[in-house]
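Undergrad: Sending over a structure as structure tokens; questions will come in a sec.
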Amino acid sequence: MREAEIRRLLAANLLCALSIVLAAVVPAFFLDGFSVLGTHLTWLCVCSVCVATLNIILHLVLKPNQSPKRRSLAHKISRFLKCCIYFFMSCILFHAIIVLYGAPLIESVTETFLFAVLLSTFTTLQCLCLLGPNIQAWIRVFSKNGAMSIWESSLQITSMCSILGAWFGAFPIPLDWDRPWQVWPISCSLGATFGYMAGLIIAPLWIHWNRKQLTYKSR
């Protein structure tokens, strides 16, 4: 396994983590009263846009899973439209799952949907950038020993860390601490964000430590 490829992955992941930090700091210079807790919905939008934009740019620059076949313009447009549809469907699916797990059905619908958008950005968008709108490839990657590259292994780790972070973030909500950050969906979205950032850092380190045991075979 090439060390250069692992370093590229580490650099890309650190940039993604940095984009989240900047999304929490930079808007305060342009928006009056902006804060992660005080204007949480605004932060959700800014964070989702920043992470999505950077992921797309990194994919276009690094091309970690570039196909050797030349694609026509019509194919690229069709692929782009499918990706948009898949992302929107992912937001709807996450929204439904979050409601089934106890989020308000009618009240706070905007908050719940923006949280679903954030989760989709941390998980589905990465799948679309790396694998495209190919459900079979998604199933392969998230099955046991299904990863075929370090980028797919990183995708596994960051996606799982994001979802686990969101799940753990729900635990403080019913407690009677009466803290501002217990308002829905602040703790869950912060949990997902910290989980995503942890996954970005853990993934290249885990791959580096286990590089001798990792063997990626074409399927």
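Sequential numbering from 1, following the chain as shown.
Every residue, even glycine, has its Cβ placed from backbone N, Cα and C.
Heads up, here are the entries from TrEMBL:
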type     : residues : note
TRANSMEM : 9-29     : transmembrane segment
TRANSMEM : 41-62    : transmembrane segment
TRANSMEM : 83-106   : transmembrane segment
TRANSMEM : 112-132  : transmembrane segment
TRANSMEM : 153-171  : transmembrane segment
TRANSMEM : 183-209  : transmembrane segment
Undergrad: What same-chain residues lie close to the transmembrane segment (183-209): Cβ under 8 Å, and 6 or more beyond its ends?
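TA: Distant Cβ neighbours of the transmembrane segment (183-209) are 1, 6, 9-10, 13-14, 16-17, 20, 36-37, 40, 44, 47, 98, 103-104, 108, 111-112, 114-115, 118-119, 122, 150, 153-154, 157-170, 172-173.
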Undergrad: Using a Cβ cut-off under 8 Å, which residues of the same chain at least 6 positions beyond either end of the transmembrane segment (9-29) come close to it?
TA: 35-36, 42-43, 46-47, 50-51, 54-55, 58, 62, 150-151, 154, 158, 193, 196-197, 200-201, 203-204, 207
